[in-house]
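Notes to accompany the following structure.
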Amino acid sequence: MAETLHYDVAIIGAGPAGLAAAEDIVAAGKTVVLIEKYLWGGTCPNYGCDPKKILLAAVEAKEHVEFLSGDGVDGQVAINWESLMGRKMRFTEAIPEKTVHSLDANGIAHVYGAVHFINLDTVVVHGDEDVEVQATDWILTVGQRPAELDIPGAELTIDSETFLRLPAMPEDVVIIGGGYIAVEFASIAAAAGAQVHLVVRGSELLTGFDEAFVDTLLDQLDDRGIRVYFNTEVTEVAKTDDGLNATLSFGSTLPTKLVLRAVGRVGNNDTLALENAGVEDDIHGINVDEFLRTSNPHIYAAGDVANTSRPRITTVGYYEARYAASVILGHDEPITYPAVPVVVYGTPKLAAVGVPTQYAEADGYSVRDIDMTNWFTYYRTGEPAARAKVVLDANKKLVGATVLSAYADELINYFTEAINNKDGYQAIRDRLYAYPTPASDLEYFF
């Protein structure tokens, strides 16, 4: 018979969300255990946003040189993929051990293995030895995984995790998808020397972002040699003597060395036998109420696996998990969210926060569309395209923004703070920022 361990709170999923919740719970004096079946630390630091940005750093350095070519910089630079991947691996390979060390240092128990519920408050963890874990309250932060393709030859494709540990960059890459990951990895692969074909099933790239800015981004991707095929599907992938053939829905075939599928993500809720715990879920994730409680009042869900209307990104998962922990510890107010910025780390970057610019005027807001390309901040680096749109309410308070530029990920954070603080022109103008910087440009957006 498996040993049974008892805790006040058990958390399934040891990514940023689960780790944050565990720290708050143990700090409040309750016993807590983290259960993980894959890599300690979760998606973001191991095979998600962090390693992606390590690769992107080399892309950015290369582009900065190219932007100034003939205007102060001579010569060419190239990405050494093997060396860059070695740098990335030195970071990611240390994450699981560092995470476990941190858990031990903070007095947080941890159990490793595949897990599923056997009743309302107990799971079995299949590790080196089977262990039962029983807890009064639970937080599920199990995240998502890359969606599969249902086509002949799907097993010949790779997902984002495999891309992030490629030992060499192939000379030709087909990427299936039109979302964040597809655009980001297309940008990285092209900068590393690959001919990239981006196959998009629908008629739009990056659905939900301002269409005018997406069109500008498309122009920039085209300038970098990335070919985009709209209203097209890959219907089959087959081996050849030289690599792979990707057959397209209009009958053409793309010879290639690698096919990356970036067709969305699915929740890991389907691995937990939630029906045994009385937890309702569907294809959108685990259903939760305004307290992030599931249909079992002692089980909460947070982050990518929770069926909410918020973006499924690391910061939201972290925020929701800490909120769920606070409810377990006695907080009795429904969850409210601050403004949530999102970023596509392409070349250039595209970021947005608050009221969507494409719907703002119809909702009674005013929108300023600003070409920043000739502003000093962007002129000095030679950036070819820099744009912003800001959304203002009737009182000239900032309520939304979209930015396209190499600095979009930084600038969007200033806009997020302004939205959360309900700032207008006067408040922004009266602050002192280092000059000249993207921050010191803020007053010019009003």
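The backbone N, Cα and C atoms fix where each Cβ goes, and this holds for glycine too.
Site annotation (TrEMBL): NAD(+) is bound by G177, G178, G179, Y180, I181, A182, V183, E184, and the candidate from G107, G251, G264, G267 recorded at this site is G264.
Across the domain 'Pyridine nucleotide-disulphide oxidoreductase dimerisation' (340-439), DSSP helix (H, G, I), strand (E, B) and coil residues number 30 helix, 31 strand, 39 coil. Ranking the recorded positions C44, I181, V183 by how many Cβ atoms sit within 10 Å of each one's Cβ puts V183 at the top. Here the binding-site residues are G177, G179, G264, and the one with the most other Cβ atoms within 10 Å of its Cβ is G177. Listed in chain order, the residues near the NAD(+) site other than G177, G178, G179, Y180, I181, A182, V183, E184, G264 are F185, L206, A262, each with its Cβ within 8 Å of the site Cβ centroid. The DSSP secondary structure for G177 (NAD(+) binding site) is coil. Considering only the recorded positions C49, K53, D304, the residue whose Cα is spatially closest to the Cα of I181 (NAD(+) binding site) is C49.
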